[in-house]
Amino acid sequence: MATLKDQLIHNLLKEEQTPQNKITVVGVGAVGMACAISILMKDLADELALVDVIEDKLKGEMMDLQHGSLFLRTPKIVSGKDYSVTANSKLVIITAGARQQEGESRLNLVQRNVNIFKFIVPNVVKYSPNCKLLIVSNPVDILTYVAWKISGFPKNRVIGSGCNLDSARFRYLMGERLGVHPLSCHGWVLGEHGDSSVPVWSGMNVAGVSLKTLHPDLGTDKDKEQWKEVHKQVVESAYEVIKLKGYTSWAIGLSVADLAESIMKNLRRVHPVSTMIKGLYGIKDDVFLSVPCILGQNGISDLVKVTLTPEEEARLKKSADTLWGIQKELQF
């Protein structure tokens, strides 16, 4: 007896089931799910896989997204504790790890998360040996280094979300002050994602007009308008949001989807993301810090050589030394 499906549909060919644009998100906490929904709403993948260790939560999140399929353009959403569900991913986004507690610095999380990465990364590599890895878990610069070491991937394929969000926060606050949309407010925050990030005051502009040229005191202590406060707010903003709602999610999710779009669509846009920076700015160790990078289908193909003031360069170097001090003690 022919089934209803057979009566309705005449099959012409057996299709091979390898996805062309698959994205995996590891970790379905607040950040992972914000990444997932942002990616789904930008139509970046033909398959989305979710992985976590908490099976009930994982299945619930998957079902909840699947029930929205009518309103999305991603035909397959899968999940599992076993990494076989991640096979053939183009991009794997790692958000899993211990969460930052109120008042806790990102660097404090480090050894807890290294141990988690020792399990995750080899499993990802096993099933998607040609993927790009996008690291979001904190402290992101150190964990990007850890993922690079464990994976054995070339450095172009291991990317940290880095200062993409810090720069977005900076441009939002700049826009609020000037009454201009953040897209038209240009400014870069580089270095460590977190407390020692470096705002590049010389690069701040609207429509190519340098703010530093108009206002030479910009970013200095003697600035009457105290633009330094804008960067201070960027540094404090995550702590404030965590204090108020317990975690951050939406902005980082949108920021990650922005990076995923450049990678999946080979856009070659420039983003401040964490990459291996050894040999630049007098840095001699294997550290990952954010500099402006061209992102496309191969991950980071190029980076932009930013001219820094001696003070900015010294701050970057100091960040690198701090990170290396922690990295060289890590057990993995």
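Placed from the backbone N, Cα and C atoms, the Cβ positions cover glycine too.
Swiss-Prot annotations:
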type     : residues                       : note
ACT_SITE : His193                         : active site, proton acceptor
BINDING  : 29-57, Arg99, Asn138           : NAD(+) binding site
BINDING  : Arg106, Asn138, Arg169, Thr248 : substrate binding site
CROSSLNK : Lys57                          : SUMO2 cross-link
MOD_RES  : Lys5                           : N6-succinyllysine
MOD_RES  : Lys14                          : N6-acetyllysine
MOD_RES  : Thr18                          : phosphothreonine
MOD_RES  : Lys57                          : N6-acetyllysine
MOD_RES  : Lys81                          : N6-acetyllysine
MOD_RES  : Lys118                         : N6-acetyllysine
MOD_RES  : Lys118                         : N6-succinyllysine
MOD_RES  : Lys126                         : N6-acetyllysine
MOD_RES  : Tyr239                         : phosphotyrosine
MOD_RES  : Lys243                         : N6-acetyllysine
MOD_RES  : Thr309                         : phosphothreonine
MOD_RES  : Thr322                         : phosphothreonine
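Nearest in space to Thr248 (substrate binding site), taking C-alpha to C-alpha distance over the recorded positions Thr18, Met33, Ala49, is Met33. The maximum pairwise C-alpha distance among Arg106, Asn138, Arg169, Thr248, the residues recorded as binding substrate, is 17 Å. Per Cα geometry, Lys118 is the residue among the recorded positions Thr18, Met41, Ala45, Lys118, Tyr239 nearest to Lys126 (N6-acetyllysine). Taking the mean position of the Cβ atoms of Arg106, Asn138, Arg169, Thr248 as the substrate site, the remaining residues of that chain whose Cβ falls within 8 Å of it are Gln100, Leu165, His193, Gly194, Ala238, Ile252. Residue pair Ala49 (NAD(+) binding site) / Lys81 (N6-acetyllysine) shows a Cα separation of 11 Å. Long-range Cβ neighbours of His193 (active site, proton acceptor) (same chain, at least 6 residues apart, Cβ-Cβ under 8 Å): Arg106, Asn138, Pro139, Val140, Asp141, Gly160, Ser161, Gly162, Cys163, Leu165, Asp166, Ser274, Ser290. Around Lys5 (N6-succinyllysine), a 10 Å sphere centred on its CB holds 8 further CB atoms from the protein chains shown. For Thr322 (phosphothreonine), the nearest neighbour among the listed recorded positions (Val53, Lys57, Lys118, Arg169, Tyr239), judged by C-alpha distance, is Tyr239. With respect to Lys81 (N6-acetyllysine), the closest of these binding-site residues in Cα terms is Val53, chosen from Gly29, Met41, Ala45, Val53, Arg169. Taking the Cα atom of each, Ile37 (NAD(+) binding site) and Lys14 (N6-acetyllysine) are about 31 angstrom apart. Long-range neighbours of Lys243 (N6-acetyllysine) (same chain, six or more residues apart, CB within less than 8 Å of its CB): Glu102, Gly103. For Lys5 (N6-succinyllysine), the nearest neighbour among the listed recorded positions (Met33, Met41, Val53, Lys57, Lys118), judged by C-alpha distance, is Met41. In this structure, the binding-site residues Ile37, Val53 were compared by how many other Cβ atoms lie within 10 Å of their Cβ, and the smallest count belongs to Val53. Here the Cα atom of Met41 (NAD(+) binding site) is found 21 Å from that of Arg169 (substrate binding site). Sequence-distant contacts of Ala45 (NAD(+) binding site), defined as residues of its own chain at least six apart whose C-beta falls under 8 angstroms from its C-beta, comprise Pro19, Asn21, Lys22, Ile23, Ile39, Thr74, Met264.
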